[in-house]
Amino acid sequence: MWAASCLASCCAACACEACRSAVGSIGRRSARIAYCGLFALSLIFSWILREVAAPIMESLPWINHFHKTPDKEWFQTDAVLRVSLGNFLFFTILAVLMVGIKNQKDPRDRLHHGGWMAKIFCWCVVIFLMFFVPNGVVGFYESLSKFGSGLFLLVQVVLLLDFVHGWNDNWVSKDEHFWYMALLVVSLVCYIATFTFSGFLFHWFTPSGHDCVLNTFFIVLTLILVFVFAMVALHPKVNGSLLPASAISFYCIYICYSALASEPRDFACNNLHKHSKAISTGSMTIGLLTTVLSVVYSAIRAGSSTTLLSSPGSPRASTDKPLLPFDKIEEQDKEESAAVSYSYSFFYLIFSLATMYSAMLLTGWSSSVSESGKLVDVGWPSVWVRIVTGWATAALFIWSLIAPILFPDREF
């Protein structure tokens, strides 16, 4: 017994030391990836609690204080929202604390890049405390999350535009026949995928024998936008490229699909109701994957001139170099009297908004258990948030093409 106790103590000490060493090795560059890891951990924790926490939540009197105990789905939703609320408060508090940092000599810069043991401990404590807040607070946060989710989708669009324009510029700058052919092939593949996908949308969401004017309008409008993208990109004054236009076209048709697939399963024009559970799980998985990729990309591209994370006073604000090795950038910057290369507050704000969006994916965008039931990512709020996001994507992309022509003296 004594030997077992000693062995357990040694193992615990070694584990703590290993964690301390791992956390201590997080530097200025890797700090951004560490925040992504913390965000991913919150998603995993939320997913696990959604599956196993319902019996525990049901036994807590300050949560289950109803005359009639709600269904299991209510407690699953509540568990996800409480974890999300804690994660949201953690990143929002950091965003507020980091407002106004312009120089790396600011003491708060050290908090942003270091103090990981303390931050992880605070993160755990905040999430734990959320399981003691009243249900009304959680309900208010859920309503707020619908609005925050829409904002995150708009941020996601800006990041996508940054990615596709950077991708195009990178291949064009090589000025070789092979890369021009690669641009053409990828563009053609995107367009073929777009029009093929649109055919499936007509088959799935405009079944014969039903009046599906709204669904037809959504699909046709998206296809019209696809042609508009190509026309604007190929206009002589724009001097654009088909690669960004084709990639954005495919993204818009996917957004249209995800919106239509989120229509209630008893809606006559939703012909996917026979495969509702599989579609719902797939939609949630893709949504979470794109969320994580957006967050990671925002961390990697923080400080590049094309991304909205850049600080106006940043030394990189007039260059095209990202902060992590997309373009083989040097490993370490000099800290002495250097301006911060991106907005720390906005960096945290992206995590806050992503947390809200992830919670909506996991809970079904609705507080009504009777509407979402066991399905995830279903309901009219989800439909309209995604449709509006698709329209915003179109507007932002067209603006990114014509803005340099309308305002030639400004830098975009």
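Glycine is treated like the rest: Cβ placed from N, Cα and C.
Here TrEMBL flags 1-18 as signal peptide. Taken from TrEMBL, the feature transmembrane segment applies to 31-49, 79-101, 116-138, 150-167, 179-205, 212-235, 241-260, 281-300, 342-362, 383-407.
Taking every listed stretch (116-138, 150-167, 179-205, 241-260, 342-362) in turn, the largest tally of C-beta pairs under 8 A with the transmembrane segment (383-407) is reached by 241-260. By the Cβ criterion (distance under 8 Å, sequence gap of 6 or more), the transmembrane segment (179-205) is counted as touching the transmembrane segment (241-260), at least 3 such pairs being found. Using the rule of three or more Cβ pairs under 8 Å, pairs at least 6 apart in sequence, the transmembrane segment (79-101) is in contact with the transmembrane segment (342-362). Outside the transmembrane segment (212-235) by six or more residues, the chain places 191, 194-195, 198, 201-202, 205-206, 241-242, 244-246, 248-249, 252-253, 256, 259-260, 268-269, 387, 390, 394, 397-398, 401-402 with a CB less than 8 A from a CB of the stretch. Using a Cβ-Cβ cut-off under 8 Å and counting only residues 6 or more beyond its ends in the same chain, the transmembrane segment (241-260) has close neighbours at 160-161, 164-165, 167-168, 171-172, 183-184, 186-188, 190-191, 193-194, 197-198, 200-201, 204-205, 215, 218-219, 222-223, 225-226, 229-230, 232-234, 270, 283, 286-287, 382-384, 386-387, 389-390, 393-394, 397.
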